[in-house]
């Protein structure tokens, strides 16, 4: 795959090789961030079925309104609510209809192709000024490992699948490495704006918007800002209509306001939310062998070997490298909360991780939870002998394994 297509693919998905839980922002939250940094967006208001809604709508003058249910899922326009109301996106020129539309959305569950079958509860609705888009372009700024820094990706073919554009018409994609320590040079901004096929005064407007987006990108520790479309209106405006933002998790300590906006009530599995609070990566699966592993690669290998031995993993649970006893205890709580789990396999290779810490956490959690399912433990690495003694002297029915294949074999056999 060429760098161009790979970069665009990365821009679209921020590809991870392992399951992780990312910061989730609703559409209006992303727009609010853009607005704070001077980026041109549609005017909007947020309604939540409170007494203030009527006054908000009364003072919000627009020739045409877009009313959008706020959930973390696509396909809202074609979705259906559990009360029978159709469509999570509506357009109206009648101000008096805005409150009626929002009241049929808020407090009900919107079901789309991307939601669970039961849908997602709508708590807020965004009401925005409708704009007449004459042309759509694509713009993305992301951190790229190959360039050791940020890269700008632009295309005049916006509002569509950018990966398909990169593959079928690569000449419509422009990639520009950026200096993380400096603003984008004006000559570069104008060059990109012209590549996006802006004309006349709109060239300068587009250049200004790109610079503002780059300022935002650096200020909030973003790893991606994708604008699709970056639109031109019939009035010559250059507006960021839809934005997707991803942030560096390591910057949470200095971006507390942003991370405090994280939307978790819409998660399909509350165990993932609980795991994230303890810096654990958890993804539920359909099997019956719970897995507790340190390191994403080892976790993937563990799941594969369970399958090779005829079993099915119940989850992906990575405790990471700096795990402490309380995190091990929480991991066990999460594993045993799944009624499908009929056995647990712990597979730890202690490099950074202290095997004794894992062993103490296992013993404490097993006693506290009165664990009543088979437990197989394979430990290797730092303080492994001490860890084995801790398990041996615990008085618990814990099977130990010599290697990963032995552990998987014992875990599967224990269920039979």
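We count from 1, first residue shown onward.
Yeah, the Cβs are placed from backbone N, Cα and C, and that goes for glycine too.
Note that TrEMBL annotation is computational and uncurated.
Listed in TrEMBL for this protein:
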type: BINDING; residues: 42, 75, 76, 77, 131; note: GTP binding site
type: BINDING; residues: 228, 242; note: Mg(2+) binding site
type: BINDING; residues: 294, 351, 352, 353; note: substrate binding site
type: DOMAIN; residues: 24-231; note: domain 'ATP-grasp fold succinyl-CoA synthetase-type'
type: DOMAIN; residues: 292-412; note: domain 'ATP-citrate synthase/succinyl-CoA ligase C-terminal'
type: SITE; residues: 64; note: site 'Important for substrate specificity'
type: SITE; residues: 132; note: site 'Important for substrate specificity'
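Take the Cα of residue 228 (Mg(2+) binding site) and measure to each of the recorded positions 42, 64, 352: the nearest one is 42. Once the Cα atoms of 294, 351, 352, 353, the listed binders of substrate, are compared pairwise, the greatest separation found is 10 Å.
Using DSSP to sort the residues of the domain 'ATP-citrate synthase/succinyl-CoA ligase C-terminal' (292-412) gives these counts of helix, strand and coil: 58 helix, 25 strand, 38 coil.
Taking 64, 75, 77 as the recorded positions under consideration, the smallest Cα distance to residue 353 (substrate binding site) is found for 75. Take the Cα of residue 77 (GTP binding site) and measure to each of the recorded positions 64, 132, 242, 351, 352: the nearest one is 242. Within 8 A of the CB centroid of the substrate site residues 294, 351, 352, 353, the other residues of that chain are 295, 321, 323, 348, 349, 350, 354, 381, 382. Candidate recorded positions: 42, 64, 76, 131, 132. Nearest to residue 351 (substrate binding site) by Cα distance: 76. Its Cβ placed at the centre, residue 42 (GTP binding site) has 20 other Cβ atoms within 10 Å.
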